[in-house]
Amino acid sequence: MKKKRLGLSLSLLLTAGMLLGGCGQAKEDKAAEEGKGNGFSVAMVTDVGGIDDKSFNQSAWEGLQKFGEENGLKKGKGGYDYLQSQSDADYATNLNKLVRSKFDLIFGIGFLMTDAITEIADQKPNNKFAIVDSVVEKPNVASIIFKEHEGSFLVGVVAGLTTKTNKVGFVGGMEIPLIEKFESGFLAGVKAVNPNATVEVQYAGAFDKADKGKAIASSMYASGIDVIYHAAGATGNGVFSEAIDLKKQDPNKEIWVIGVDRDQYEEGKIPGTDKSVTLTSMVKRVDVAVYDLATKTKNGNFPGGQAVEYGLKEDGVGIAPSTDNLSQDVLKAVEEWKQKIINGEVKVPKTREEYKEFEATLKK
Amino acid sequence: MNSNRLTNIMIPIFAVLLGILAGAIVMIVSGYDPIAGYSALLYGAFGDRYYIGETIRQVTPYILAGLAVAFAFRTGLFNIGVEGQLIVGWLAAVWVGVSFELPKFIHLPLAILAAAIAGALWAFIPGILKARFKVHEVIVTIMMNYIALHVSNAIIRSVLSDQGFKSEKIHASASLRSEFLQSITDYSTLHYGIIISLIGAVVMWFLLEKTTKGYELRAVGFNQHASHYAGMNVNRNIVLAMVISGAFAGVAGAMEGLGTFENISVKAGFTGVGFDGIAVALLGGNNAFGIIFAAILFGALKVGALEMPSSADVPTELVDIVIALIIFFVASSYLIRLVLNRFKKEGK
């Protein structure tokens with residue numbers, strides 16, 4: 001009896017939902033049709049960082065906005081849009097939500113969405129997906145990956161030449177292979193130009209915990225480290241705020257932050273001055289990659305099943321255009337190393353194992 | 001008695017309505033359309049079969065987390081450690097899920113049992129500390145949450161994967177998912193866990209209301225000294241209540257590990273399900289069946305909220321505000337009770 005009643009109430013709930021769904025759906029479809037000016041719509045799902053993380057997700061959204069504006073699309077259904085994830089459980093729901101809103105191309109921004117995209121790509125073989133920072137081998141998924149180790153190597157060169165205390169710090173987000181690419185490249189860059197420098201590596205365990213970033217930065221600066229490179233998304237904002245706080249107390253203190261993903265010169269601005277604590281930034285042109293892929297897909301050249309790689313050669317990574325805090329010598333050194341990497345003279349390590357081999361070759 | 005029960009049911013409903021109303025005011029003040037906002041919320045939660053599937057999926061761990069909090073509370077204990085017990089339960093379930101290959105009818109119950117035991121053990125520690133040394137369970141359970149988070153992260157890295165950030169997928173024989181449920185909900189992550197959580201609610205009701213032990217547990221919750229005087233072993237009941245509460249929380253973790261995700265990945269922070277469980281228990285009046293309804297409300301809010309930014313341009317943060325307002329009004333039930341009684345008297 002109890003079971004029966006339960007079943008009844010469940011099915012009631014279901015029917016009610018379907019009825020409601022019926023009304024809702026018709027409206028949605030109409031809205032989608034109206035917005036579809038030239039028949040192409042594109043959307044993205046952010047990870048927990050959100051589109052104002054001043055880093056990775058924001059860059060992707062900028063690329064999408066540019067694409068949308070150039071093609072006369074409106075923000076929203078049928079044009080270009082984004083959904084923000086609040087937790088890991090939201091990735092699949094958000095991706096499916098965009099599928100249901102009939103977007104033509106759906107981006108998953110970030111490594112953490114690999115599983116969700118893999119699963120949904122199988123379930124919805126007629127939809128087009130793209131993932132940034134990971135490779136998903138499905139015919140309806142295009143993968144975008146970056147050679148972050150190459151860009152990190154260049155900012156490593158900058159850090160190695162700039163540090164006065166010969167102590168440099170690295171703050172990572174989560175300890176995943178992707179961030180280890182940043183770490184290995186950076187370490188290699190520092191050691192290549194300054195074998196005496198030591199690099200302290202710490203992981204915050206999250207991409208959205210600015211307070212943790214600040215705490216790590218605080219202890220690093222206190223221990224004499226004068227340059228910190230962060231590869232930690234929104235967690236890195238804490239590194240900036242700590243550096244700015246220290247600079248406010250003592251404007252002559254020589255401490256620097258190296259930004260990541262976007263040109264973070266503005267993030268490092270010290271209030272009341274026109275100076276910035278941002279030494280340079282390792283720029284990862286997620287915006288360019290997202291824009292490129294959306295354009296290609298719109299023109300009918302969706303690179304499904306392929307992995308497009310962006311490195312120094314393709315201008316997908318590199319140092320930021322803001323160079324106010326860099327000396328000519330440093331810039332020259334960066335340019336030299338950049339050429340060496342591009343013509344293959346230097347092979348930048350992208351894992352901790354490769355870094356060990358790289359370090360061994362330096363000692364010879 | 002009858003009118004009392006009515007008041008008890010009216011209070012949470014009133015609180016929810018007030019919360020929604022206050023949420024609407026917040027939306028108007030911030031320049032958003034509350035009708036569009038709430039219809040998007042409703043659509044995102046129950047709009048079509050996919051969303052219904054997702055909502056039920058979200059409701060599943062909420063029910064169990066709510067039961068866990070409520071069970072301890074009925075014995076007079078604040079189990080703030082549901083979050084941590086959930087994480088170790090999740091870990092244990094996935095561990096069993098990836099390590100063995102067994103027929104489904106053994107494997108699945110074994111994985112769930114492992115989760116229940118893990119959660120129970122995790123709650124046993126604060127229970128025994130409370131019973132033996134009078135250490136306050138709130139402090140211990142909060143600290144145990146952090147221990148659970150970081151220990152399980154370390155185990156995922158070193159044991160369940162090779163320095164990676166997630167475990168392998170569990171074997172199909174331990175999975176709660178089914179093709180049938182996916183096909184009727186258009187590939188949502190709905191799984192059979194909902195049945196387990198409903199059984200959990202019945203178990204809690206039966207344990208507390210229909211058994212001698214349950215009577216003892218409730219008696220300890222009402223008045224420890226009187227129970228002691230009546231010859232009950234208060235300390236043993238405290239430990240028992242925590243252990244059962246932890247087992248519920250562990251099973252909630254199994255729902256995530258065996259159903260929703262089918263693996264476990266390194267967590268940057270808490271899942272939040274355990275903490276939301278406190279609100280669910282509060283709203284459900286610590287009653288097994290009240291909790292089911294409260295969990296449905298919270299699950300619908302959580303899943304529906306994802307629709308608000310895209311359809312109505314309302315930021316998801318506002319939904320958190322609405323949830324917070326509802327909790328606020330439930331917590332201030334005294335005020336609502338006062339108003340209700342006043343009205344009743346005037347009616348007479």
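Along the chain as shown, the residues are counted starting at 1.
Each Cβ is built from the backbone N, Cα and C atoms, and glycine gets one as well.
Bear in mind that TrEMBL entries carry predicted annotations, made automatically and left uncurated.
TrEMBL lists B:9-29 (among others) with the feature transmembrane segment.
Within its own chain, the transmembrane segment (B:59-80) has Cβ neighbours under 8 Å at 86, 119, 123, 126, 130, 137-138, 141-142, 145, 191, 193-194, 196-198, 200-201, 204, 208, 217-218, 220-222, 224, 237-238, 241-242, 244-246, 248-249, 251-253, 255-256, 259-260, 273-274, 276-278, 280-281, 284, 286-288, 291-292, 294-296, 298-300, counting only residues six or more beyond its boundaries. Look at TrEMBL and you will find B:59-80 (among others) tagged as transmembrane segment.
The feature transmembrane segment is assigned by TrEMBL to B:86-103 (among others).
Sequence-remote contacts of a segment are chain residues at least 6 beyond its ends whose Cβ falls under 8 Å from one of its Cβ atoms, and for the transmembrane segment (B:110-129) they are 68, 79, 81, 84-86, 88-97, 100, 102, 135, 137, 140-141, 144, 148, 170, 174, 196, 238-254, 257-258. Residues or ranges marked as transmembrane segment by TrEMBL: B:110-129 (among others).
TrEMBL lists B:135-156 (among others) with the feature transmembrane segment.
Feature annotation from TrEMBL assigns transmembrane segment to B:190-208 (among others).
Taken from TrEMBL, the feature transmembrane segment applies to B:238-261 (among others).
Residues or ranges marked as transmembrane segment by TrEMBL: B:273-301 (among others).
The feature transmembrane segment is assigned by TrEMBL to B:321-340 (among others).
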Residue numbers, six or more beyond the limits of the transmembrane segment (B:190-208), whose CB comes under 8 Å of its CB atoms: 53-54, 56-57, 59-61, 63-64, 67, 70-71, 74, 112, 175-178, 181-182, 214, 217-218, 244, 248, 251-252, 254-255, 258-260, 288-289, 291-292
Stretch-level contact, the transmembrane segment (B:321-340) and the transmembrane segment (B:238-261), CB cutoff 8 A, at least 3 pairs: no
Chain residues in Cβ proximity to the transmembrane segment (B:273-301) (below 8 Å; excluding those fewer than six residues from its ends, i.e. six or more beyond): 8, 11-12, 15-16, 41, 45-46, 55-56, 58-70, 73-74, 80-86, 145, 198, 201-202, 204-205, 208, 249, 252, 256, 319, 322-323, 326-327, 330-331
